[in-house]
Amino acid sequence: MATAASNPYSILSSSSLVHADSAVMQQGSPFRNPQKLLQSDYLQGVPCNGHPLGHHWVTSLSDANPWSSSLASSPLDQQDIKPGREDLQLGAIIHHRSPHVNHHSPHTNHPNAWGASPAHNSSLTSSGQPINIYSQPSFTVSGMLDHGELTPPLPAGTTQSLHPVLREPNDHVDLGSHHCQDHSDEETPTSDELEQFAKQFKQRRIKLGFTQADVGLALGTLYGNVFSQTTICRFEALQLSFKNMCKLKPLLNKWLEEADSSTGNPTSIDKIAAQGRKRKKRTSIEVSVKGVLETHFLKCPKPAALEITSLADSLQLEKEVVRVWFCNRRQKEKRMTPPGDPQQHEVYSHSVKTDTSCNEL
């Protein structure tokens, strides 16, 4: 008894448990009363995941630990020394993450198989296989993760040795999505291509004489979806989202092809008119004609309809052109003359009356 008291580690089967990964020995109580164990800590004979759990202190270094065989063959260890909940959870991680899971067939010769006796497990210890001295089931990995425990990292090359169910389900999905993404990138234009197309589209649209509203109406006539002038303007200014720019680009490209093919073809004039209202060209007035109009404006800034008609006939201009010119000239006069000052045509008319009176005298 003196020797046993001086060396409390001599009787291992009934007095202590030794951690195989560290040099510190933790002494336990000689016996633990089975009635004091919680039912959640030790569920004997009820399988949770189909794999009995081995104690991680023994399975980690079964060959290097000289006491592993004595622990496996002792009936007291199997009956009285029970692992705690933390030991069971950590053992479940090591068991599920071990690369030996797929290399051993689930038969009776496996040390973790159901129905394997402790004597058979101890005999496998001498051959170098890890043993499990506890045949009770453990908590699953998912149950462990719910409690916030940490999962040890997998060693390199372990993914292929794992069971297909334990592998990451996103391996094949990532490959498929990557393949689809590469396929979609070939059809999706880049931002530089969109910018270049928007610039070319605006130049060709102006050259053809169509407004942004005309393009929107033409798209509605061709494809049944009318776009507003604001949408076409934002496309040319690159203010739409990248997704909407990609959707609108092929429609505008087809419209350009239709407009280019219709230009110069007399039979397709009605088709162009159906696409939208074509912009009227800006009227250019010669300098001599503009001088005559200025003279008439100083005499009468608001001519009557008969005066506009006779003036248009004398200048060989359209009546609408002459009328619009007088309207624009009056607006220009208002902008140029400060408020309160007499306008130019009033000064001109007053000087004309003065000259007439002087001539009469």
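Cβ from N, Cα, C; glycine included.
Swiss-Prot lists 100-131 (among others) with the feature region 'Disordered'.
Feature annotation from Swiss-Prot assigns compositional bias 'Polar residues' to 119-131.
What Swiss-Prot lists as region 'Disordered' is 150-189 (among others).
Positions annotated as compositional bias 'Basic and acidic residues' by Swiss-Prot: 165-183.
Sequence annotations record features per position, and here Swiss-Prot assigns domain 'POU-specific' to 186-260. Helix, strand and coil content of the domain 'POU-specific' (186-260), in residues and according to DSSP, is 59 helix, 1 strand, 15 coil.
With helix defined as DSSP H, G or I and strand as E or B, the DNA-binding region (278-337) counts 42 helix, 1 strand, 17 coil. According to Swiss-Prot, the DNA-binding region annotation covers 278-337, on the basis of sequence analysis.
Here Swiss-Prot flags 333-361 (among others) as region 'Disordered'.
Mean pLDDT, taken over the domain 'POU-specific' (186-260), works out to 86 on the 0 to 100 scale.
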